[in-house]
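Worksheet: the structure to be examined is printed underneath.
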């Protein structure tokens, strides 16, 4: 369940962002963005020149210089506003999480067992290793592992999902999160973190962006922008002596305006906002990323390791067919299978009862009325069934039933072995039914592949992403399901060691690997993967090993995570293309205006036929500032994303953002020039 989405320009956020934009005018804040720092210096320089002209210290048009100076300050403010708005949206999301943190008291047990003496201590004083007792109505005071008890827990404050979940000692459901509430029963919990290190604390810090660091691609792009800025700075600096030598020196104000319009201020002003917004969009999908690096890596992923159950298939195997052994009627097999499943509350057991009812109208029977005894499934026996009168009926895996038959002096029929093999080849799981020592036949339990999943894998393949299905099934079953689902490869009979080895193999080939996991046994593979999405319902070890946590605990979310990562990279690339294309158009506006008096031949470049040199320069500076504001929604929401091949995506972006970046400035600058002329401002 996703959290409530904030409006793009929430009034309270806009007001706060405007205040923050002004605060960010200090040199220390500006220095972090080298491109905008150059604009900030230019604004300061032109302001000083305007004051000097107004006071008569320097000759020149003080009004024009002041107008240029004002719009340069506006450019810096707009860039600050874009970053502050993105950060404000993240902080607003974090505030909803802060509401979960409550200063409360905890019952710290003196011994690690229920009923032991307890001391009442502030929750924020609990340390790693402390044992606490929580009962119905209590807020869990710390992250930890359940060591005794079982309870229903409301995790909606963290996940946004209203349905309660069961947390109990042992297994993969022992992990609890501080800030969640016990609805029933009790738990004895061992705290796994120190104050300030809880999952909730880390979520708040990550969402607020306090720990946001520039990603490798962001650093590389920043270096490129700095290089372009230095090139244009040197080029602009050499223009003054050239113009002076020509007998009509260009003013410093015009040179500063030229520099600001030529350097990539658009992407420079939006780069931080794009990174912050990427993490914010991930949170909108109920996924917490530990860093911007994790989001960026998601965009570069080219191998997806996907668990079969819950991701590729619906997760609940359904009985699809009764296949009797030689000499056994199908109805007799269905009758025995239904009897063995009457008290089996698993989805598989319920589906067997329903199939027998549909095929042979076997209904209105229950264990109690039949005076029968239900035999539950255990990890040791790997069978379940029923004892009724003198009949002993069992259903279970092939190996378990084979051992059972041989232990009772029977013989496992060869024709049933063939039927088991046939079921496995069709992608179903064989379940064998036996009465006493006589094998009655096989039930085919079919994994239902999710609708539309094959098409999604085809889209991923177009994007150059390889999909690998991970399953504990045997190779025959795995191969059949893989073919039906349309994945590129599969790992059958998967063990934690096999998953880890597979990830390392792909990484050795230079690929980036993404996977999901929820158990402690998944932790080594999660730690190795480039993008590791841990389920919030999983163990503490899994969550610590991953670099993302899915609050919905939905394995399918991995595909959405990759889409969000790719959208962030596309947004950054598209706006960079647009920004650089902008510079070309602004060149045709400013160069003729600035140097036509010295070099009349440059008038040939004045293809926009702007009103005057002053209006041309001012129009370009105004456009340079306004375009940042107009692109803020695109930076925050991301460009529209379609699963395409890399070459098709490049062509599409060059047409839209390259050509658009050339045309929009020509139109925008011309319109602004006309408005300035009509209003008599130039």
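Cβ atoms are placed via backbone N, Cα and C, with glycine included.
Swiss-Prot lists 34-54 (among others) with the feature transmembrane segment.
According to Swiss-Prot, the feature transmembrane segment maps to 62-82 (among others).
According to Swiss-Prot, the feature transmembrane segment maps to 219-239 (among others), an assignment based on sequence analysis.
Outside the transmembrane segment (254-274), and at least 6 residues removed from its termini, the chain residues within Cβ reach (under 8 Å) are 33-36, 38-39, 42, 45-46, 68, 72, 75, 78-79, 82-83, 85-86, 218, 221-222, 225, 228-229, 232-233, 235-237, 239-240, 568, 571-572, 575-576, 578-580, 582-583, 586-587, 589-591, 594, 617-618, 620-621, 624, 627-628, 631-632, 635-636. Here Swiss-Prot flags 254-274 (among others) as transmembrane segment, drawing on sequence analysis.
Around residue 307 (active site, 4-aspartylphosphate intermediate), the same-chain residues at least 6 positions away in sequence with a Cβ under 8 Å from its Cβ are 469, 470, 471, 516, 555. The annotation active site, 4-aspartylphosphate intermediate is assigned in Swiss-Prot to 307.
The ATP binding site annotation in Swiss-Prot covers 344, 348, 377, 378, 379, 380, 381, 382, 383, 384, 395. There are 16 other Cβ atoms within 10 Å of the Cβ belonging to residue 377 (ATP binding site).
If you draw a 10 Å sphere around the CB of residue 518 (Mg(2+) binding site), it holds 25 other CB atoms from the protein chains shown. Look at residue 518 (Mg(2+) binding site): DSSP puts it in coil. According to Swiss-Prot, the Mg(2+) binding site annotation covers 518, 522.
Residues or ranges marked as transmembrane segment in Swiss-Prot: 588-608 (among others).
Residues or ranges marked as transmembrane segment in Swiss-Prot (evidence: sequence analysis): 616-636 (among others).
What Swiss-Prot records for 662-682 (among others) is transmembrane segment, and it gives sequence analysis as the kind of evidence.
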Quiz item: Among 34-54, 62-82, 616-636, 662-682, which stretch has the highest count of C-beta pairs below 8 Å with the transmembrane segment (219-239)?
Solution: 34-54
Practice problem: Rank 34-54, 62-82, 662-682 by Cβ pairs under 8 Å to the transmembrane segment (616-636) and hand me the top one. | Solution: 62-82
Quiz item: Residues of the same chain, at least six outside the transmembrane segment (62-82), with any C-beta under 8 angstroms of its C-beta?
Solution: 17-18, 20-22, 24-25, 29-30, 33, 36, 39-40, 42-43, 46-47, 49-50, 53-54, 251, 253, 256-257, 260, 265, 268-270, 272-273, 614, 617-618, 621-622, 624-626, 628-629, 632, 635
Quiz item: Cα of residue 522 (Mg(2+) binding site) to Cα of residue 377 (ATP binding site): how many Å, rounded?
Solution: 25
Quiz item: How long is the line from the C-alpha of residue 344 (ATP binding site) to the C-alpha of residue 518 (Mg(2+) binding site), rounded to the nearest angstrom?
Solution: 26
Quiz item: Cα-Cα separation of residue 377 (ATP binding site) and residue 518 (Mg(2+) binding site), in Å?
Solution: 24
